[in-house]
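Per TrEMBL, the features are:
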{"type": "COMPBIAS", "residues": "18-27", "note": "compositional bias 'Basic and acidic residues'"}
{"type": "COMPBIAS", "residues": "504-515", "note": "compositional bias 'Polar residues'"}
{"type": "REGION", "residues": "1-42", "note": "region 'Disordered'"}
{"type": "REGION", "residues": "504-524", "note": "region 'Disordered'"}
{"type": "TRANSMEM", "residues": "95-113", "note": "transmembrane segment"}
{"type": "TRANSMEM", "residues": "140-159", "note": "transmembrane segment"}
{"type": "TRANSMEM", "residues": "166-184", "note": "transmembrane segment"}
{"type": "TRANSMEM", "residues": "190-211", "note": "transmembrane segment"}
{"type": "TRANSMEM", "residues": "232-254", "note": "transmembrane segment"}
{"type": "TRANSMEM", "residues": "274-292", "note": "transmembrane segment"}
{"type": "TRANSMEM", "residues": "299-315", "note": "transmembrane segment"}
{"type": "TRANSMEM", "residues": "335-356", "note": "transmembrane segment"}
{"type": "TRANSMEM", "residues": "425-446", "note": "transmembrane segment"}
{"type": "TRANSMEM", "residues": "452-469", "note": "transmembrane segment"}
């Protein structure tokens, strides 16, 4: 909800006014004095208007005479800092997605409860092999989960202490892995495949050489992100809670799909075909699992982004109490519908990509398969990148998902190449660490127990590292968005960090003050 109005008062003194839309030439009657020492107007139905602070010089230079003032209440109601006026709650967004997600979860729980009852009563048949696999999961997966947590903590410490080296080593490791695949292909006589892998390794090496001067900027963002999420450990608590929620839903999902798994296992053992209802059931289960996992991960992302954005605009010395709790509250209430909406988009896209990859794998021409696989991988990564920055906009500004997507388009148009390069540097570092550590745990459990336990440990480890590295990635994305859209705010809130960042940031990042709304305004 928006109220059209002009802006009056000096941001330096923290006094703001708002015109009523029906009285363009008169000040609105000042409402209650806000916690941030700013006056809020009232609309025609006497509802208090949320306050947004504008830089008068930039605003006057724009030639505009009217602006939108958003209705809402401050997220940090007890704070007297002017930056508190940026963080307001403006009602629930994308409610339909929230309701639909709730229905899917309730349906999953209902089916799982019915199947669990039938299993307990002995009316649900589960094959002997399936029972053995379930027993192995129950016995050994907690150990894999604990080791994954331990490794994640060690990696956090390494990233904070040796940030630039961490980025360089991770990106060099990508080149080494591609070169190793090329050598293996040549050794096996797959000349064309070897040439392709070798070309990929060479292109990665050339790319790393040309972007080497951007590594210090990426390192500053990575180090700051790791520092903030460990200092404000509520982000880690939220991530852990999201991980547990995902694990609980996974257990529900397994019980929900028990009849489907049994049909597939019996058909495989007996050499028969599965019933016709199995295929749509598998599709629906896949979408539901991907949707739930994305919601859990994105709640952690939005929570961390809110904390990092709070730090960016407030500064460490003026941080309001409980930023993690406040950000988590908004992520799980007013922004939860937007998270469900965006997560549904990601889940559908991932499902489509999965079936496209299956179709590509069925092609009996390695060269075509490799090329199509690379193209699909690039498209998939770009869509993931877009959604990640859209969720960051949701966290910083409280937008609905469609509005956040539009703001992300604007950001890409202005700082797209720097965004992609910076993301490639840090995302590769986190992704290759996730892959190497998860594969290491998989090999250990594969050798120690059996292949099924090893593969399940791989899935658990990937989930653990993804959930725990996602806050780091969210913090990096949030810093980039804030620097690109509100570059002067950091000079006030964090002057020392701003001096370092300004000396290292690319020239196309933060050249125009947009305030996140494509308007020439300063909101702090």
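Note: Cβ is positioned from N, Cα and C throughout, glycine not excepted.
The stretches the transmembrane segment (166-184) and the transmembrane segment (425-446) are in mutual contact, each linked to the other by at least three Cβ pairs under 8 Å (pairs 6 or more apart in sequence). The stretch with the most CB contacts under 8 Å to the transmembrane segment (140-159), chosen from 190-211, 299-315, 335-356, 452-469, is 452-469. Long-range Cβ contacts of the transmembrane segment (95-113) within its own chain (Cβ-Cβ under 8 Å, at least 6 residues beyond either end) map to 249, 251-256, 288, 291-292, 295, 336-338, 340-341, 343-344, 401. When Cβ distances are compared across the two stretches, the transmembrane segment (335-356) makes no contact with the transmembrane segment (232-254), since fewer than 3 pairs at least 6 residues apart fall below 8 angstroms.
For the transmembrane segment (274-292), the list of distant contacts is 101, 104-105, 108, 246, 249-250, 253, 256-257, 260, 263-264, 267, 343-344, 346-348, 350-351, 354: same-chain residues at least six beyond its ends, Cβ to Cβ under 8 Å.
The list of residues near the transmembrane segment (232-254) in space but at least 6 beyond its ends in sequence, with Cβ under 8 angstroms from a Cβ of it, reads 105, 108-109, 112, 261, 285, 288-289, 292-293, 296-297, 299-300, 303-304, 307, 311, 319, 322-325, 328, 463-464, 467-468, 470-471.
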